[in-house]
Structures are given as structure tokens and as C-alpha cells.
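Take a look at the structure set out below.
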Amino acid sequence: MMDALRVLLETSTFNEVLRGLAISILLAKLTQSTTSSSKSQGSTFITASGFILIYFFARSWLALVNHYAPEPYLDEVFHIPQAQTYCEGRYHEWDNKITTPPGLYLLSVGWHKLVRLVECTPSSLRSNNLVATLLIALIALSCRRRIEAQTAVGIEKSAVSFYAYHTAINIALFPVIFFFSGLYYTDVASTLVMLVAYWNHLNRVASHSEKPGFLNGLWTVVLGVAALFMRQTNVFWVVVYMGGLEAAHVVKGLKPKPVSKNDTPDFVLENIRDSFGFWLRRYAVGDVHDPPVDMAWPDDWALCLLSIGIAALCNPLRVLRQVWPHITIMGLFAGFVAWNGGVVLGDKSNHIATIHLPQMLYIWPFFAFFSAPLLIPRVLSTLADLITHARTPTPSHTTTKDPGRSSWRFTKPSITSKKSSTTKPPQRSGPTPASSSSSSSSFSPDTNSSGRGFRFILDLVLSRKLYYPFYLLATILLSAAIIHYNTIIHPFTLADNRHYMFYIFRYTILRSSLVRLALVAAYTLSRWLIWKRLEGNNPPLRDLAGETGLKITKNKLGWRDEFSASPFVTQDFYGPKTIKTDEQKNIKDKQKEVEEEEEEEEKEDWLIGGAYTTLSLSSTQPSPATSSPPTSTVLLWLLTTTLSLVTAPLVEPRYFILPWVFYRLLVPAMPVSSSLVSSSSSSSFASSTTESGNGDGNDAATAARQQQNGNGKRGLLWNIIRRTDAALALETVWFLAINIGTMYMFLFKPFYWKTASGEMLDGGRLQRFMW
């Protein structure tokens with residue numbers, strides 16, 4: 001260890017420190033919002049601190065690797081000589097053992113010419129990935145900023161939230177990415193190019209009114225081809241994921257004329273054909289069903305895919321005008337496959353495409369392990385909800401049971417949740433609910449309808465989500481069947497004990513078939529936790545709206561009525577209100593008061609520092625960072641992940657990098673009141689709003705205002721600290737700990753391959769542990 005410290009001190013020259021600081025400050029300046037004020041110098045320094053952490057941590061890792069493993073190691077044995085061949089201008093020479101395209105080597109040649117490096121040495125080639133890691137943080141920040149801008153309003157659209165910044169830093173520190181920042185592998189550069197392509201895609205869908213031009217389409221093709229030059233499997237992310245998102249963007253921007261409730265046929269047995277025909281026509285004109293993922297159940301997933309698919313098929317020219325670059329990329333890739341005789345370059349015998357469905361089971365524990373700090377708030381929130389609902393009796397003033405909310409309402413609300421009879425929901429492009437004075441509870445039996453039994457069953461199955469336990473059981477049985485019939489153990493997994501996956505398989509999957517089946521529980525729980533984390537958590541506002549029928553308009557949460565286009569939601573879902581008028585008015589007054597206070601606070605925050613104080617983490621006014629992604633986006637992510645993984649017989653953590661990166665970019669922020677920091681303010685507000693109308697909640701609002709005013713006087717640093725999600729900070733610490741552990745194993749725990757008789761193998765070279 002003393003030798004390692006000496007190496008770090010020797011490489012940390014004054015010029016090196018200045019270079020690192022200059023690069024970090026430059027990157028921080030590039031992230032600054034155009035709305036930042038003259039006081040943004042402090043925020044620039046704090047922004048730079050994240051890049052400083054990445055630079056010096058990665059620089060130290062690179063220096064140690066160059067010292068302890070100066071010669072090419074493992075796959076570097078193929079990559080470094082090939083890059084050196086390109087550096088010498090011999091572009092027609094190719095090592096047939098290399099299976100990936102030459103994108104990494106071309107980037108290296110360009111980088112060496114840019115910085116005027118004469119020779120392509122192992123250390124100089126490895127340094128390419130250090131630069132790429134810094135750029136990953138920068139581009140990831142831009143991508144997350146664009147994602148948040150999709151639900152932002154006003155000044156927030158041009159802002160950079162602290163959550164976006166912290167997320168970008170953590171993505172760059174992701175252990176499987178960061179480890180290869182010190183080695184010459186394709187993964188870091190491939191991730192960077194994919195993020196650039198994704199950033200371009202987000203710019204293309206930034207507006208429904210402004211269509212991307214032809215030159216931008218050509219640029220999209222160039223970026224897509226560049227991504228394919230890094231890895232062949234990137235075609236799924238460029239074509240399926242980004243192309244699918246752009247197709248969905250087009251059909252959601254059609255904006256059909258709204259229809260009245262009187263023109264909407266009721267979904268009853270004798271009218272089922274007319275109802276289906278009506279909704280097929282509505283989907284055809286773009287009235288699609290795409291709720292936020294935290295409001296969607298499996299039936300919503302099916303309706304989402306169906307409605308968007310119908311809309312795309314019925315509007316082919318509009319869709320083609322948007323997605324032609326992705327179709328072009330797919331055509332070019334198909335031409336390459338035909339010319340090459342397959343997807344893989346070089347050694348095709350050990351990389352044969354095989355249907356390997358267990359990959360979609362292995363990925364969930366992988367995600368859960370690395371996302372453990374982010375899952376803690378969700379677990380605690382679920383446990384708290386379970387305890388609360390178990391202890392809290394039904395309010396005495398509630399005269400009608402809410403049939404629109406499922407029995408699993410503590411998990412998430414349903415889009416079939418009851419609305420108030422006196423508060424009209426905002427009009428959307430689909431049917432609008434009529435006054436509930438003409439209806440009772442959800443799908444209540446109608447004595448004038450012969451289909452009341454059908455509606456009652458529909459109520460049980462869809463409104464109360466009676467099918468959900470059967471859905472869970474089906475996923476468990478399907479997982480068990482996949483394990484039993486499709487488990488594949490690639491020879492490389494068992495032949496190389498230098499990879500961590502060797503030991504994971506050895507002590508779990510290879511133990512016995514019983515252990516394999518027992519792991520279904522881990523796969524199921526991990527999948528549920530990851531999905532719930534994608535949903536985010538905004539319980540105070542949503543529970544408040546669901547219980548009282550408060551009007552939810554186009555707020556920062558993005559929860560609005562306009563996404564609902566389901567034939568199963570009728571006027572009967574909007575039952576009589578179950579709360580006193582005075583009590584509802586009291587809640588509205590308190591909500592309005594807190595919102596006004598938060599607006600004033602946000603104005604002050606903007607003036608303090610544009611890049612850091614844009615994220616409002618209050619319980620009643622969630623910022624765009626807390627908005628859950630649309631269901632279509634998550635389903636496309638899941639589809640693309642499946643396509644990119646199930647064709648690979650070999651299980652490698654590196655294959656999970658892009659699925660994890662895109663998942664992490666979609667994860668919404670957790671309100672501070674829902675994080676590990678404190679939930680006192682949220683609890684006080686939630687409890688005050690559920691009082692029986694006596695106005696006791698005003699004390700909580702006053703206390704919160706006094707606390708906020710006091711905190712605002714402590715300056716930028718305190719503002720950042722109190723707005724920082726502790727789970728996000730814990731994720732940073734978690735990644736640093738994992739990185740230090742894997743660095744230690746690679747550098748200081750080498751071993752030799754020996755036969756049973758003690759004879760050295762592999763020429764007596766040191767072997768090292770790695771991902």
C-alpha cells in the first residue's frame with residue numbers, strides 16, 4: 001500500500017493537478033444554465049467538485065494500473081496491438097480474434113492526433129477512457145436535463161437540477177463503467193457514443209410543434225452508425241429504443257379533437273362492439289393511452305402498446321417523417337450483416353447468437369445490488385404504508401367505499417381512481433367524465449342494463465385489479481420455467497476464474513437445480529423493487545388527491561387526466577364525494593398557501609445558483625425531476641433490454657451497462673420528505689390535510705415556512721445540503737466503496753494459474769480479478 005501511495009504522489013505533479021482543475025471547471029461551466037445569475041460562481045465551484053472527484057479518482061486508478069499492470073491485460077492483448085496498427089496507418093490489417101467493430105481504435109487515432117501524441121502506448125491508449133468517463137458525466141447530465149424538461153414549465157425548462165447533476169456523477173462512477181476507465185476496453189467509449197446519440201434523440205423530441213430538419217436526420221444517422229462502430233448490439237438501442245420513442249412522440253403529438261361523454265358508448269356487454277370500435281377510432285387519430293408508469297398497471301401496459309401501435313399504423317407518413325433516420329440505420333446494419341455473413345466480426349465460433357431468456361432474470365439482482373441505496377426509501381415507504389393502512393380505521397365520514405382504487409392502493413394509485421363530483425377533471429382529448437350526480441359507485445349495477453353482471457366482473461377484474469395476484473403468480477411460474485428449460489452455462493463462464501461472474505455462478509446457479517429455482521424469489525423481489533423505483537414516490541399529493549378529489553391540473557408532477565384513453569374508465573368511476581365540503585375547502589386553502597410560499601422560495605433559489613437550486617423537493621410541489629417516466633418509455637426500455645441480452649449466451653456485467661445507464665437516467669428523484677433525510681415536514685403536511693376540517697394543519701404550514709425562511713439565510717451550501725437526497729449521496733458512497741474494493745482486488749490480489757502439480761500456466765503471467 002505504501003508503494004501505491006508513492007506512485008500516486010509521483011504522478012500527482014503540480015501541472016497534473018492544474019490540468020485536472022482546469023478540465024473540471026471547464027466541464028462545470030458547460031453545465032451552467034443560461035438563467036444563472038452573477039452569483040453562480042459558487043455553484044460553478046460546487047459543480048466542478050463532482051468532475052474533480054471523477055478526474056482525480058480515475059487518474060489515480062489509471063496511474064496504479066499503469067504501474068502494476070503496464071503490459072496489456074486480458075482483452076487488451078487484442079485491442080492495444082490493433083489500435084497501434086491503426087495509429088501506424090495500416091487500416092487494412094485486422095486481428096480475426098476481435099469480434100467488435102473498429103470504432104474504439106478510430107477514436108483513439110483521432111484523440112492522439114488531436115493532442116499531438118506521437119506514439120500509441122498502452123498508457124496513452126488507456127487514458128482515452130479517462131477522458132471518456134468525464135464526458136459520460138457531462139452528456140449524462142445533459143440527457144437527464146432534457147428528460148426533466150419534458151415535464152417542466154417556464155424557467156425550469158432551461159435549468160439544471162441538482163438531481164440531474166448528482167445522477168450524472170453517479171453514472172460516471174458506476175463500478176462496471178469506472179473500472180474500465182483504467183483499461184483499454186470498448187465499453188466506456190461505447191457508452192459515451194450511445195449517450196451522445198440519446199442526447200440528440202432527446203433534442204429531436206423536445207417539441208411537438210418543431211419537427212427535426214433533414215440535416216438533423218443525417219446527423220442522427222451519423223451518430224447511429226458511430227454507435228454501431230462501437231458495438232453491434234447498440235443497434236437495438238438506436239433503432240428500437242430511440243426509434244420507438246420518436247414514433248410514440250409523433251402519435252402523442254397528433255392532438256385529436258376532444259369528444260364529449262355523451263358521444264362515448266358505455267362499455268357494457270350488449271354495446272361492446274360499438275365501444276371497441278369507438279376506441280379503435282380514437283386510438284387511430286392519436287388519442288393514445290400512455291399514463292406515467294407510477295399510475296399504470298399491467299392492463300394499462302397492454303392498452304399503451306395497443307393504442308400507440310394503432311396510432312402509428314394509421315399515421316404512417318407522419319411516423320416515417322420522424323423515424324426515417326432510424327430505419328436508415330437499420331438498413332445499413334442489415335447490409336453489414338449480409339456482407340459480413342453474420343453479426344460478429346472475427347471469431348464467430350464462440351459468439352453464436354442463442355436465445356438465452358435467463359438473462360432477463362439475472363439483470364434484476366444486478367440492478368438491485370448496485371441500486372441498493374436508491375431502493376431503501378422505497379422499501380421504507382412501503383413498510384410505512386403497510387403499517388399505516390393496517391392501523392388506520394376507515395374514516396367515519398366516508399359513506400361510500402372507493403371502488404375505483406385497488407386493494408393495493410398503498411402501492412400506487414390507479415388511473416381509475418375516483419374523482420370529485422364537484423370538481424371537474426381537466427379536459428383531455430378523450431372522453432370527459434360527466435357529473436357524477438347521475439351515477440353512483442364504480443360500475444354499480446344498472447337495473448336498466450342486462451349487462452350488469454358483466455360490468456360487475458369488469459369492476460372486480462380491472463377496477464379492483466383482481467387479476468394482479470394471478471399476474472404475479474404467472475411471472476413466478478414463467479421464471480421457474482425459463483430457469484428449468486433455458487439455463488445456459490457458456491464455456492467461457494466456467495473456464496476463466498478471473499471474472500467475478502465465475503464465482504457468482506459457482507456458488508449459486510451451479511450448486512443445484514433446487515438452488516436455481518429458489519433464486520426465483522430473489523429475481524421476483526429485485527424486479528419489483530426496480531420497477532417501483534422507476535415509479536418514484538410522491539405520496540402526499542397523490543394520496544391527498546385520491547382521498548379528497550382535489551383538482552389536479554398541469555402541475556410539475558405531470559399527473560393529469562390527458563393520458564387516460566381507456567374503454568374501461570366510464571362515468572361510473574366518478575362516484576359521489578366522500579369528504580365534507582368545509583374540509584375540502586380547508587385542504588385547498590392550506591395547499592394554496594404552501595404553494596405560494598414555495599413559489600417565492602423557488603424564485604430566491606434561482607437567484608442563488610442556477611445549476612443547483614432548481615429542484616423543488618417539497619411534498620406538495622414536486623419538481624420535474626420527480627416526475628415518473630411515461631409507460632411507453634419504460635416498456636420500450638424493457639423491450640430493448642430484452643433484445644440486447646437474450647441473444648447473448650455469455651453472462652457478463654459489461655452487457656448490462658447500457659440497460660443500467662438508461663434505467664438510471666429514467667429514475668425520478670425522490671422528494672426529500674420521502675428520502676432518508678427526514679419525513680417530518682411531509683408527515684406534518686399529510687396529517688394536517690387529512691384532519692376533519694378544524695384547521696389544525698395551519699400550524700404545520702407556519703412551522704414549515706419559518707424553517708424554510710431560516711434555511712434560506714444560510715446560503716448556497718446549506719441550500720444544497722437540505723435539498724440533497726440522502727439516498728443519492730449514499731449511492732455515491734456505495735459506488736466509491738465498490739470501486740475501491742474492485743481496484744484493490746485487481747491491483748493487490750493477483751494470482752498465478754498452476755496445474756495440480758504446481759507447474760505454471762500462461763507463461764507464468766500474473767492473473768487479476770475483474771468484472
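Yeah, the Cβs are placed from backbone N, Cα and C, and that goes for glycine too.
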Feature N-linked glycosylation site, as given in Swiss-Prot - residue among N262, N448: N448
Contact call for the transmembrane segment (503-525) against the transmembrane segment (357-377), three or more Cβ pairs under 8 Å: yes
Outside the transmembrane segment (160-180), six or more residues from its ends: residues with CB under 8 Å to it: 31-33, 47, 50-51, 53-54, 57-58, 61, 129, 133-134, 136-138, 140-141, 144-145, 148, 187-188, 191, 370, 610-615, 623-625, 653-654, 656-657, 660-661, 664-665, 667, 669, 720, 723-725, 728-729, 731-732, 735-736, 738-739, 742-743, 746, 770-771
Long-range Cβ neighbours of the transmembrane segment (326-346) (under 8 Å; 6 or more residues past either end): 94-101, 220-221, 224-225, 228, 232, 235, 238-239, 242-243, 246, 320, 353
